[in-house]
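Database features (TrEMBL):
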type: BINDING; residues: K6, Y7, G8, G9, T172, D173, K208, V209; note: ATP binding site
type: BINDING; residues: T46, E73; note: substrate binding site
type: DOMAIN; residues: 265-348; note: domain 'ACT'
Amino acid sequence: MLVVQKYGGTSVADLEKITNIARRIVSYRERGDRVVVVVSAMSGETDRLLNLAQSVDKFPDEREVDVLISTGEQVTSALLAIVLKSMLCDAVSIQGHQVRIITDSAYTKARITTVEEEKITAELDRGKVVVVPGFQGVDEKGNITTLGRGGSDTTAVALAAALKADLCEIYTDVAGVFTADPNICEKARCLDTISYDEMLEMASLGAKVLQIRSVELAKKYNVPILVRTSFGEAPGTLVCKEGRNMSMETVVISGVTYNKNEAKITVRRIPDKPGMAAKIFTALSDAHIVVDVIVQNISKKDRTDITFTVGKMDAKKACKIMEETAEKVGAEGVIIDEDIAKVSIVGSGMMSHAGIASKMFSVLAKEGINIEAITTSEIKLSCVIASKYGQLAVQTLHTAFGLDREDVEEEQ
Ligand code: ADP
Ligand code: ASP
Ligand code: MG
């Protein structure tokens, strides 16, 4: 079997942990598997490098940022190959530009366009374990790029798709995909399986256990993903076409997510005439900034406010662009609030059940939590709230919608 294994930052945090994962890799080799390993940087390293750049310049040149932050993964890929060789398991690291993981040129959030698999296949044929640093690629002109935070997941799935691997294993610090982040909701339940569609929704709403683009790719190329802990032998969660747990007809809400990585920006008192929203959101999309929740207030005296959320990483840049745009369109100013959280309930059962929204709002109201913005789709409902209430909101919604571990055990 050909397997791509990805190890996240906590799984490669020091030499002892790298040695532990090397043992697992050797055991796969010993049973005859061909193994490609994708590694993240040691935990905290990408943040450390980003902080260094930002301590010099609040808006550091993004090409240079990518050269800088891609080094974290270069370090762990080489170290893992060295450790594997010391265990007499032949291994070679191949960097993103050597594989030729080709991306577009959107520095810090580049998208993979093609993956050349020849070099990897040649080394596998020589009996080696191939170690590829996650998160990094190269554009057509040879510039180093990175794939956005959490991007090593996407590297792993892209390699699995290109190599037609049998399985893509994502090793992390929790036992699998849960009904809510197990680190903030101790009653969360680990799922056996989950469908690509529900995982897409969970990932896009803050379940950072998988980067959303890795799930998009897995769905497109039908790559089965097994999310597991690197600190034990628990079976993990299989992400595949037909996830079963979450889509059972009896289950209305299948998960609660929480995202505190967004900031809320309000453009104040915009002249209320056609074309204003287009100007605002074109300015953001030109800068490759993804916008999430959008709310437009009812206009007063021919003026209106538009509020939206963007990823925290883009917040300062978005704010600067909005200040320029506000001046151009004659709006009165821009307000930014970084202390927000978006809490969401997800589930395909929502489509056919009445009263889900009212229940969510009542649960939040009972806890005295004010809702600042709301957004819905057929299978999710999100509320923007003050970040200090994030954890409380997740826990109470998880209980209110019957997702707690004890409830499930009682029902079975
Ligand atoms: P890695 O460094 O291995 O890539 P991440 O920190 O990116 O790990 O992702 C794992 C984390 O995702 C977990 O520690 C957990 O706190 C968080 N998480 C959020 N939502 C969920 C969820 N629904 N199921 C599992 N983990 C979740
Ligand atoms: N090291 C990168 C990050 O911290 C990529 C990853 O770990 O997936 O975002
Ligand atoms: Mg991650």
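Glycine residues also receive a Cβ, built from the backbone N, Cα and C atoms like all the rest.
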Candidates near ligand 3 among the binding-site residues Y7, G8, D173, V209, judged by a Cβ under 6 angstroms: G8
Sequence-ordered binding-site residues from K6, D173, V209 with Cβ under 6 Å of an atom of ligand 1: D173, V209
Pairwise CA distance, T172 (ATP binding site) versus E73 (substrate binding site), rounded so that it is a whole Å: 16
Binding-site residues whose CB lies under 6 angstroms from ligand 2, from G9, T46, V209: G9, T46
Environment of K6, Y7, G8, G9, T172, D173, K208, V209, the listed ATP site - residues of the same chain whose CB lies within 8 A of the CB centroid: T10, S11, S40, S152, D153, I170, Y171
Local backbone state of Y7 (ATP binding site), from DSSP in three classes: strand
DSSP-derived class (H/G/I helix, E/B strand, else coil) of K208 (ATP binding site): coil
